[in-house]
Protein chains: 2
Amino acid sequence: MKLAVIGAGAVGSSVVELASDHGHSVTAFADSSSAVIDSAGVDTAAVLDRKRTDGVVGGGAPEDALSAEYDVLVEATPTTLGDAEPGFGHIQAALERDRHAVLANKGPVAERYADVRALERESEGSVLFEATVGGAMPILSTIDDFDPSHITAVRGVLNGTANFILSRMATEGLDYEHVLAEAQDLGVAEADPTFDVDGTDAALKGVIIANVLSDDETEYTLDDAEVTGIQEISGSALELARADGRTVRLIAEVVEGSVRVGPRLVPDNAPLAVSGTRNIAQLETEHAGQLNISGRGAGGPETASAVLADIGRL
Amino acid sequence: MKLAVIGAGAVGSSVVELASDHGHSVTAFADSSSAVIDSAGVDTAAVLDRKRTDGVVGGGAPEDALSAEYDVLVEATPTTLGDAEPGFGHIQAALERDRHAVLANKGPVAERYADVRALERESEGSVLFEATVGGAMPILSTIDDFDPSHITAVRGVLNGTANFILSRMATEGLDYEHVLAEAQDLGVAEADPTFDVDGTDAALKGVIIANVLSDDETEYTLDDAEVTGIQEISGSALELARADGRTVRLIAEVVEGSVRVGPRLVPDNAPLAVSGTRNIAQLETEHAGQLNISGRGAGGPETASAVLADIGRL
């Protein structure tokens, strides 16, 4: 497949790096200020090198990538809320040209799911977005395989940064501020970790799952989610939990059309008590009991793997 | 889709029961001595009732089901080794008619994988067999999504009966014979549990995974697997492990073209230490770290769910 990759952060760059290994060529690649276009396939190693040294991917304008020749547009710009722009517009451009769109950007399917599906219905192209929930973990494809109507609930740890902080607080007896600073030093938490620690990122993923489960009947957005973060969790709360054989995890729950994210007590040895930056999703199925899927929920190559799996499905 | 379901045990019967709920009709259904055929779709409730009360599914001969009208043949007869008959012949009949085949029977893809693939290449039909490994767990489809070439190893607990026995021995301090008798009373172990406790069943699943990972290059059969069962595990060995924070699990490992099954020490709190009849598979990926998938690895509705997911993919 010919790929137009929009976004040159960790995920977009990993998609470009791994594309040829999966039998694809990159015909367009754009960051926020530049683009490189080559219908015969760009020299990905040279482009990634230029991005690292010069900070740009090429001499073209970013919008040129949208009109380039491609089969699949990979939307890997940062997640934005509300109108989900510019990501939404990129997907629209692809679908209006009857091309496929594969998303790593959560905004369009968390905030404008009905609009995305409406565009898809009018297009020969399809939209897939496994990478938006749980990095490399095959959560949405498993829901799709079982058919959303046979999944009764999804619960999970869907934010690795918050989980790293809670794990470290519990095992080391350290307080929130201390562990957050450590996580930032390690690169596990971003300089502005707001969306990770206030539950917004996990809630966006819960909303996407709710949209997939209800599909076209009801649209969910972040406004429909009930969200509490981990900023108020104290070391003493974790100690109390520990004395009782339990720990605290930031759990996202999608049950019967409601999306809730908040700190919850879970048994120490329960599957939900994943440690470090790992994520887990528990799917309650109608006929096959509970399925647990755990793995790395974030990271460039991990998320790129989910993007490439989606492209394989197309 | 129109389904011909061959085999009326727990899995075949569950497929028939759940088919309409997934938008399919059953146009043929056979057990070992009878069949019911109706190109407009059989009355599944009545047929399952007849099977329960009279022990037969209908008035036709079993082989009539193979020549009936259908899109997908579901092969759910018991797993046999060596020539994998009669399951192999059923798949052959479907593919030679350019129909799809979905397997719950491990024999054809564990013992005659190259033959199955050769028939598939000559046919318009496809062969899928998610249900042969880990019941409802999406193991083979996840390997497929990642592309087998990007999976470096698979390890797992792939037999629920053996795992139930080891879990109970460890938690209750009981010996093998005692727990096996209890498992048989509970219906967790069959009257003849040989293939579960001697490692054969887990090895067949490991061989299927090895075949999928190598695909057409090398064919694996049960003869290629190195297999040790759990019959010699003593209560005292489990106690020793426990004192060291570990336990024993029957682990199947597929690494670099080798398939090995045997009892292994695993940390008490490790993902591989699933308890009871649960199964787990750990996929080591090239770019996305380790993915764990756990769930119910057997059971009629669970395995039928995997069959129906395969049918959905077709």
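Cβ coordinates are placed from backbone N, Cα and C, and glycine is handled just like the others.
Annotation source TrEMBL lists active site, proton donor at A:Lys205. Summarising the annotation, TrEMBL assigns NADP(+) binding site to A:Gly7, A:Ala8, A:Gly9, A:Ala10, A:Val11, A:Gly12. Under the heading NADPH binding site, TrEMBL lists A:Lys106. The L-homoserine binding site annotation in TrEMBL covers A:Glu190. The feature domain 'Homoserine dehydrogenase catalytic' is assigned by TrEMBL to A:138-311.
Note: the NADP(+) site is recorded as A:Gly7, A:Ala8, A:Gly9, A:Ala10, A:Val11, A:Gly12; in the same chain, A:Val5, A:Ser13, A:Ser14, A:Val15, A:Asp31, A:Ala76, A:Thr77, A:Ala104, A:Gly300 also have Cβ atoms within 8 Å of that site's Cβ centroid. Reported as a whole number, the C-alpha separation between A:Lys106 (NADPH binding site) and A:Lys205 (active site, proton donor) equals 7 Å. With every protein chain in view, the residue among the binding-site residues A:Gly7, A:Gly9, A:Gly12 whose Cβ has the most Cβ partners within 10 Å turns out to be A:Gly12. In this structure the alpha carbons, written CA, of A:Glu190 (L-homoserine binding site) and the residue listed as 'active site, proton donor' are 18 Å apart. Confidence for the domain 'Homoserine dehydrogenase catalytic' (A:138-311), expressed as mean pLDDT, is 94. Using a 10 Å Cβ-Cβ cutoff, A:Val11 (NADP(+) binding site) registers 28 neighbours. Each of the binding-site residues A:Ala8, A:Ala10 was ranked by the number of other C-beta atoms within 10 Å, and first place falls to A:Ala8.
Ranking the recorded positions A:Lys106, A:Lys205 by the number of CB atoms within 10 A of their own CB puts A:Lys205 at the top. Counted within 10 Å of its Cβ, the other Cβ atoms near the residue listed as 'L-homoserine binding site' come to 12, all protein chains included.
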